[in-house]
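Note sheet for the following structure.
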């Protein structure tokens, strides 16, 4: 089951999340909305393994990239509420 990867407009274009992703889910794309003129994009969410390394690597106070685990993965990890 694929996970949902969301990129928020608080992204500063630092590339930390892209470099941290072991499955190359993320890439940088041109965007005029930040100083770096690029923003992270998640075109291959079907390859996301849910490790959340991208979240850990994000230096912004409000995480600019978030991984939302699929329900099946959440249950198997014992995280369901």
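Just so you know, glycine gets a Cβ as well, placed from its N, Cα and C.
Going through 21, 34 against Swiss-Prot, the one listed in the [4Fe-4S] cluster 2 site together with 48, 51, 54 turns out to be 21. According to its DSSP assignment, residue 51 ([4Fe-4S] cluster 2 binding site) is coil. Reduced to three states, the DSSP call for residue 14 ([4Fe-4S] cluster 1 binding site) is coil.
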